[in-house]
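Undergrad: What Swiss-Prot records for this protein is below:
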- SER199: active site (ACT_SITE)
- HIS227: active site (ACT_SITE)
- ASP323: active site (ACT_SITE)
- 144-153: compositional bias 'Low complexity' (COMPBIAS)
- 14-132: domain 'Response regulatory' (DOMAIN)
- 188-381: domain 'CheB-type methylesterase' (DOMAIN)
- ASP65: 4-aspartylphosphate (MOD_RES)
- 143-173: region 'Disordered' (REGION)
Amino acid sequence: MAIDSPSPATDSIRVMLVDDSAVVRGLVTRILEGEAGIQVVASVGNGQMALASLERNEIDVVILDIEMPVMDGLTALPKLLQIDPGLKVIMQSTLTLKGADVSLRAMQMGAADYIPKPTSTRDLAGGVDFKSELVTKIRALGQARRAGARPARPGGPPATRPVIASTSPRTPVPIHPPGPLQLRSNTPEPPDIIAIGSSTGGPQALFTVLGTMKAGTVRQPIVITQHMPATFTTILAEHIGRVSGWEAREAQDGEAIRGGRVYIAPGDFHMVVETKGTDKVLRLNKNPPENFCRPAVDPMLRSIAAAYGKRVLACILTGMGADGMKGGQAVVASGGTVIAQDEASSVVWGMPGAAATAGICSAVLPLPEIAPWIMKLAARR
C-alpha cells in the first residue's frame, strides 16, 4: 500500500521510502520521525508506485531498495531521475558482493549514495550505527538538494528551497563549509604519485575521472581512499578497472607501489605509505578512525607528503565532512599540490569545500575538467 503524508513544513527534508517490506518501511519511518527537519512524505512498496508518488509529491531524498516485485530499484532509478533530475537517491543494499556490485552500478546510473541494509529487523530497529548513518546521509543530501533550484517540472516554474540550518547531533562535521574560495598562486610540481580522496558521490566521480584518465595516459601510481565498508571497496576496484583499463585493486599490506596501477584503501583499514629502502610501500592499519572514518583520507595524505615531499598531487572529490583538508595541509607544507572538485558538480561539497576554503588548493574544477588537469601536470614528469 502506498502512503502519502500531509505536506510537511517547507523547511523539512522530504523523504520517500521504497521497500517491498512494510515492516522495514515502518521501522525506518519511526527512526526518521524522531529527527527534527526530516519528514517521510511517501512510503511505497515498489518502483512503479514510487514513480506515481513522485509525480504527486515534492521529494528531496529517496531511500530505494534494490530487490522488489513489479519494478525493482535499478529499473526505477533512471525513471525517477528522468522525472526529477535533481532528486537524491540513496540505494539500500546488503553487505554482500552482489549487493555491493548492484549498488555501484546504481551509482554509475546516478544514485547519490548507498546505505548498508541491516541483516535483520532487530538490527534495523536497534542499530545505532544504521540510524546515525542514515540520518547523516539524508541531512547531507537534503542540504545539497536545497542549495540549488529544484529542476522545473511540466506545468510550473522551478521552486527554490531554503538551505536547512539544522544538523543532526550525530553529524560530526559541517556538511557545507563556510568561507570564500581561496586559491594558491603556486606553480604545481609534476607528481610522482597521485592521491584521491572521496566520500558521498565519490564512486561516480571516480568513474568519471579514471574513465577519462585511461590506463597508459599517466605513468604515476594512483592511490585512492573512498569512504566505504569492506566488500564494497573490493567491488569498487573491479568497477574502476572495467571503466578505465587500469590495473586496479585493493591495497595489500606491505606491497611496493608501482607506476601505472591504482590502489584502493580496503574497507575498515587506513592506507598509508612508508619508505622501505628504495621502495615506497603501502601499509594497512586499524588505527582509530579519523573524521569518524576508517579508511580516512587524512592519514593517507599525511604519509604520502612525508614519503614523497613536493612530488605529490592530491585531489579531493565530492563528500560530506572535511576529511582530506588537514592531510592536504600536510601536502602543501611539503611543497605538493592539492586540487578539489567544485561545488556545482559535487553531490555534497563538504570535503572539497573544506579544502577549497582553507586556501590549500591550486585549482577547484568541475568534475569533467579534473582528469585533463591531472594528465597535463603528470605528463611534465
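Including glycine, each Cβ sits where the backbone N, Cα and C put it.
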Undergrad: Take the C-alpha atoms of SER199 (active site) and ASP65 (4-aspartylphosphate) and report the distance between them in angstrom, rounded.
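TA: Rounded to the nearest whole number, the Cα-Cα distance is 21 Å.
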Undergrad: If you average the pLDDT over the domain 'CheB-type methylesterase' (188-381), what number do you get?
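TA: So the average pLDDT across the domain 'CheB-type methylesterase' (188-381) works out to 96.
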Undergrad: Taking every protein chain in this structure into account, which of the recorded positions ASP65, ASP323 has the most other Cβ atoms within 10 Å of its Cβ?
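TA: Counting every other Cβ within 10 Å of each candidate, the maximum falls on ASP323.
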Undergrad: Is it possible to get the count of other C-beta atoms within 10 angstroms of the C-beta of HIS227 (active site)?
TA: 25
Undergrad: Could you round the CA separation between ASP323 (active site) and HIS227 (active site) to a whole angstrom and send it over?
TA: 10
Undergrad: In whole Å, how far is ASP65 (4-aspartylphosphate) from HIS227 (active site) when you measure between their Cα atoms?
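TA: That separation, Cα to Cα, works out to 21 Å.
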Undergrad: So, in DSSP terms, is HIS227 (active site) helix, strand, or coil?
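TA: The three-state answer is coil.
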